[in-house]
Amino acid sequence: MENSWQIVRRYSDFDLLNSSLQISALSLPLPPKKLIGNMDREFIAERQKGLQNYLNVITTNHILSNCELVKKFLDPNNYSVNYTEIALQHVSMFFRSEPKWEVVEPLKDIGWRIRKRYFLMKSKNQPKERLMLSWADFGPDKYLSDKDFQCAVKLLPSCSHPYIYKVTFATANESSALVIRPFNEKGTLKDLIYKAKPKDPFLKKYCNPKKIQGLELQQIKTFGRQILEVLKFLHEKGFPYGHLHSSNVMLDGDTCRLLDLENSLLGLPSFYRSYFSQFRKINTLEGVDVHCFGHLLYEMTYGRPPDSIPVDGFPPAPSASVVAVLESLLSCEALKNGMPAVSKILQMSLFSDILLTNSEKPQFKIPTKLKEALKTAKECIEKRLTEEQKLIHQHRRLTRAQSHHGSEEEKKKRKILARKKSKLTAFESGEEHLAKYSNSNNSGVSTIPPPPPPPAAPPLPPQMDGAVHPDPSPADSASREALLSSIQNFQKGALKKADTCDYSVPRIS
């Protein structure tokens, strides 16, 4: 009865999770409730299969698998913290020393990260201007020292680039960072593609768009060129990024501006990490940025992310030049050979004829000492990625070997091999027995069993002299019969008496 109660309770947890995920507008395969007969063994087994399938569908959906609801459901012990409350505590502490800022409202669940929270802000000096505050604590790839980290974060407002979104204010403490930017009512590039409202929850905006439609070719070319230019700029400055996706590209008219440069400083995981961690050739942050650009270009072209990576075949695109770039970034061959440099992509026909008219001169002065610290941190991030890829590769090899070993074909092969081995063992064991027998008879002189004896010859007729003679030929049969006849007719009495001299007795002279 206790086990049955646990199953019913567990199903109620599934039901609660499913209700919370309805905001995604996805059709999720939760098994239906059953009030009568729900204690039957067959029903319980069938219900468990259904719940496992439900989990499989959720965890293979890239957005759902990263959302807080699912992570708390799967691992409540490690995801029990209320990060909104923690963020509010840090923001409140910040406002004590900076009273000119004021929180308007929390922007609940507009992002996908669990440990990053957003608030709509305003400045008391300019109350009509809307600002957005983002707060995040450290991630697993935070390798800068506290001093270098605070220096790098406070340097962000000084970065000036036509394709980087302006940072109004940034600060950091011993465990987190806080960044304030202007709030854009039009939203991000992803909002444009999905025709979504920026303030809506992430699951509602992007899980199941009502209309899937890519951008026009000119938009793809222009936005793509702008994003590549800013990636090239950051790579030349030695500033690690690794967080490119369409939600991190703010849209300002016909201009794309990159967001969240602080993510790499905080050591936060990339949105596409579960993809590029599968491929050992993507082992630098430059390679990560280029691969993530492939995802973004696919989304701009087709209005949705790719179903899986690598992409085996690309649907019809507005131009063959788009497919050529996608093949160089997302195809199986590309992932085996590694990602091309940003400069090489810029030379491809899709982007080479785009003229950028923005006259703003890029500026981002990074002190030499901080450059060295950023270089070391970048190497540490790449090293951890390489180690993770190695573990994944080993696990996949083991899984493939186990799957191959458990296949029906392999089972048949093993049965045939076992029969052959059994027969061979029986034969060898018989030979071993003969060898031991031979050794015991020969006092260990030889371990090789003697050859079998030749077939026995027919018995010979008795001979008077005890010698062995060969069989007589047919030509001698008459003389043989005469000899036998004389032997049979022999009479002792017919012999003549012979005189003998006995010398056996001693003689005395």
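Just so it is clear, glycine is given a Cβ too, placed from its N, Cα and C backbone atoms.
Bear in mind that the values here come from a model prediction, so they are computed numbers and not experimental data.
Lifted from TrEMBL, the feature list:
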type	residues	note
COMPBIAS	437-446	compositional bias 'Polar residues'
COMPBIAS	448-462	compositional bias 'Pro residues'
DOMAIN	1-81	domain 'PX'
DOMAIN	43-398	domain 'Protein kinase'
DOMAIN	479-498	domain 'WH2'
REGION	394-419	region 'Disordered'
REGION	436-482	region 'Disordered'
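In the predicted model, the domain 'Protein kinase' (43-398) shows an average pLDDT of 93.
The residues of the region 'Disordered' (394-419), classed with DSSP into helix (H, G, I), strand (E, B) and coil, number 24 helix, 0 strand, 2 coil.
Mapped onto DSSP classes, the domain 'PX' (1-81) shows 54 helix, 0 strand, 27 coil.
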